[in-house]
Amino acid sequence: MRHLLSTQDLSRPDAVRILDTAAQMAATQSREIKKLPTLRGRTVVNLFYEDSTRTRISFETAAKRLSADVINFSAKGSSVSKGESLKDTALTLQAMGADAVVVRHQASGAPHVLAHAGWLDAAVVNAGDGTHQHPTQALLDAYTLRRHLSGTALAAPGASGPDDAAARGAGLDGRHVAIVGDVLHSRVARSNVHLLHTLGARVTLVAPPTLLPVGVQTWPCEVSYDLDATLAGDTAHGGPDAVMMLRVQRERMSGAGAGGGAFFPNPLEYSRKYGLDARRLGLLAEHAIVMHPGPMNRGLEISAQAADSPRAVIVEQVANGVAVRMAVLYLLLAGSDEAEVAGAPAAATAPLAAPVPTVERVPAS
Amino acid sequence: MSSAATTTYVLRGARPLGGEPVDLVLSGGVIAEVAAVGAASPTDAVVVDATDLVALPGLVDLHTHLREPGREDAETIESGTRAAAAGGFTAVHAMANTTPVADTAGVVEQVWRLGRDAGWVDVHPVGAVSVGLAGRQLAELGAMADSAARVRVFSDDGRCVDDPILMRRALEYVKAFDGVVAQHAQEPRLTEGAQMNEGVVSAELGLAGWPAVAEEAIIARDVLLAEHVGSRLHVCHLSTAGSVEIVRWAKGRGIDVTAEVTPHHLILTDELARGYDPTFKVNPPLRTAADVEAVREGLADGTIDIVATDHAPHAREDKDCEWAAAAFGMTGLETALSVVQQTMVDTGRMTWADVARVLSAAPARIGRIDTGERAQGRPLEVGEPANVTLVDPAARRVVDGAGQVTASTNTPFQGHDLPGAVVATFLRGRATVLDGAPVEAAEAQGVRA
């Protein structure tokens, strides 16, 4: 891996390697001293063209726990019309010697351009681009799913917690994940469809037809307009092992404000047909979990009962996000540099150096 | 005749429309003689070895963005018309979306005069349909028609005349001077924020979709309006299979509609958006392989009347950025003929005579520049204006944007190996291109109009 731009670029071994590395990273985070020296002397730039406090903090935490120097670059506005162009910003970061650039941008494909236009040598990590991809979100979702849907966690529902030992090396073969909500505008949905498919899971997208893209029929997933039927197992895939609720932008998407272009009549109707409430929670299998990438609209796509239920792993997703982002930064920046890992203090690197394989530098497609 | 080239040229062994070789003698601004090979030997003539070269009537582009006035950093009338000559053109229609907009007699006359002074091709300004391209109020169509520029083609190109009553009025009004409304068919509400063709690729890339129906709905409405008021309609750069079907239906009903396709829509598809390279961002967007096949078929069977370049030069910074921030458009004057050869001639779907029709005679007729002193799109016959393009169909060349004549580098064919090369272009007997390179007027000893 040279960059992480899209989950479509990840092979199954790539994806499993990232998840296994994330598990090792997570294990270090229960220690008294959480900081590893692995990326000492490296510079990670968080280049955020959109406000996203939670994603930025997650990447910042991940980089700092690996001892990287972190620079936060908040660049509002788009190129040409307002402010500095993406190209000039990239050249500036290049001149400052950034080793990795974590980019969040409102334009789909902006990270791809940063990675391939020849402006920058740094590894580029896509932290969400327009309505295209958000690969670390999908990876943390897959990581969370794998902990809860592998081995004993699944065999004895409710009896044991997440099973990290059984998860190692595993995919999500045969598991069924329902992704519910605004698929059309969701980079989270796009990233998850491809990654979960790569890992062997079956995916059902559930949304009103207005919130599904033309062309969705070519994606490796099923599509349903009926949340109740999907939750009740009345689909080709049976009932879901996990339900992932997507955020719906209330103001932009409905009612008078959106005019004739509204995607649904009003929030109440959306909630009635596609919201996860207490009744729908009861349709789920006993072991099934509830996920949300955040931030949630309580009362719109998810009710308080669902968000706060024991099935909800939403807070855990946030914690897993740090481990997954540590793994990604580690594999991009240090994964191919054995000498540097070996040279770090033994106590800290021991759990990492051995099992983490060398990552080949394969150009992203 | 206001033009009189002083040099006499003998185009030895040229094949008019790909037919049997002859000698074409260009003298006094007209085709003076068509003789057997080697038979023509006027005194003091410059002999051009045209063995194995196809002779076409000078090409006519109905859809060119010359960017002047306003965006001289992307192209000027001088650089754009020089590029046109290099591409084999002897006339271009300059689109109205300049700054200021070509919506008054003053602006169209300025463009016309600058084109005449440059002398590379005849520049026929297109007038805006509405004031400022705003789609609210008719521009002074009559004044532009009566000006020195003699405007006959009116278009808000870049924007659609979406208001049905404004479109109706424009269609009716231009009948008074045999004008035509050239519609950029794009329903605005269906394409708000649209970035690329809506389909499988847009769904994956997360780029806002531009549905085919946004084009087709406007074309369907406009052909019905044209039928109702008995007016002439021209459809700019149609790009979808459905649009071809609608135009075919309209022509079958006897509606007076003509249509154009761009070279890029004859060959490129939306798959090219996958690299997020804004070179491939264009309006209308690149469509699917099925659409490409449909427009080729439509061009071959005459449903689509002409190929027009929609040459849209852009300053480098407007393309050297993320997709959503980039400008729409690609250059085309210097690659159009090659693309038509590759997609239509080399595939056996069209003859060189068909090429002369779709790139010269028909666009000249639609623009009403096929008669009079400066007639274009005429047959290669004795007494006709000496507007001739010599093409080497056996040549191959690798396109390099930086090496092109146009001032901009946004060619979608960078690095492509294309067939065919323009060897020479003559505008009323003046060589504007010889040996594949533009010839300054002084060098050619030709006389400007």
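Heads up, the Cβ atoms here are built off N, Cα and C, so glycines get one too.
Automatic, uncurated: that is what TrEMBL annotation is.
What TrEMBL annotates here:
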ACT_SITE  B:Asp310  active site
BINDING   B:His63, B:His65, B:Asp157, B:Asp310  Zn(2+) 1 binding site
BINDING   B:His65, B:Leu66, B:Arg67, B:Asn97, B:Asn283, B:His314, B:Phe328, B:Gly329  substrate binding site
BINDING   B:Asp157, B:His184, B:His237  Zn(2+) 2 binding site
DOMAIN    B:54-240  domain 'Dihydroorotase catalytic'
Mean pLDDT across the domain 'Dihydroorotase catalytic' (B:54-240), rounded to an integer, is what? 98
When the Cα of B:Arg67 (substrate binding site) is compared with the Cα of each of the recorded positions B:His184, B:His237, B:Asp310, which one is closest? B:Asp310
Of the recorded positions listed here (B:His63, B:Asp157, B:His237, B:Asp310), which is spatially closest to B:Gly329 (substrate binding site) when Cα positions are compared? B:Asp310
Highest CB neighbour count within 10 A among the binding-site residues B:Leu66, B:Arg67, B:Asn283? B:Leu66
Take the C-alpha atoms of B:His237 (Zn(2+) 2 binding site) and B:Asn283 (substrate binding site) and report the distance between them in angstrom, rounded. 9
Tally every other Cβ atom lying within 10 Å of the Cβ atom of B:Gly329 (substrate binding site). 24
Other Cβ atoms within 10 Å is the metric here; tell me which of the binding-site residues B:His237, B:Phe328 scores highest. B:His237
Which state, by DSSP, holds B:His63 (Zn(2+) 1 binding site): helix, strand or coil? strand
Residues near the Zn(2+) 1 site, B:His63, B:His65, B:Asp157, B:Asp310 excluded, by Cβ within 8 Å of the Cβ center? B:Thr64, B:Met95, B:Gly158, B:Cys236, B:His237, B:Ala308, B:Thr309, B:His311, B:Ala312
B:Asn283 (substrate binding site) to the residue listed as 'active site': how many Å between their Cα atoms? 9
Work through the binding-site residues one by one (B:His65, B:Asp157, B:His184) and name whichever has its CA nearest to the CA of B:His314 (substrate binding site). B:His65
Taking every protein chain in this structure into account, which of the recorded positions B:Asp157, B:Asp310 has the most other Cβ atoms within 10 Å of its Cβ? B:Asp310
For B:Leu66 (substrate binding site), identify the closest of the recorded positions B:Asp157, B:His184, B:Asp310, judging by Cα separation. B:Asp310
Just checking: which of B:Asn97, B:His184, B:Asp310, B:Phe328 have a Cα that is within 10 Å of the Cα of B:His63 (Zn(2+) 1 binding site), counting only these recorded positions? B:Asp310
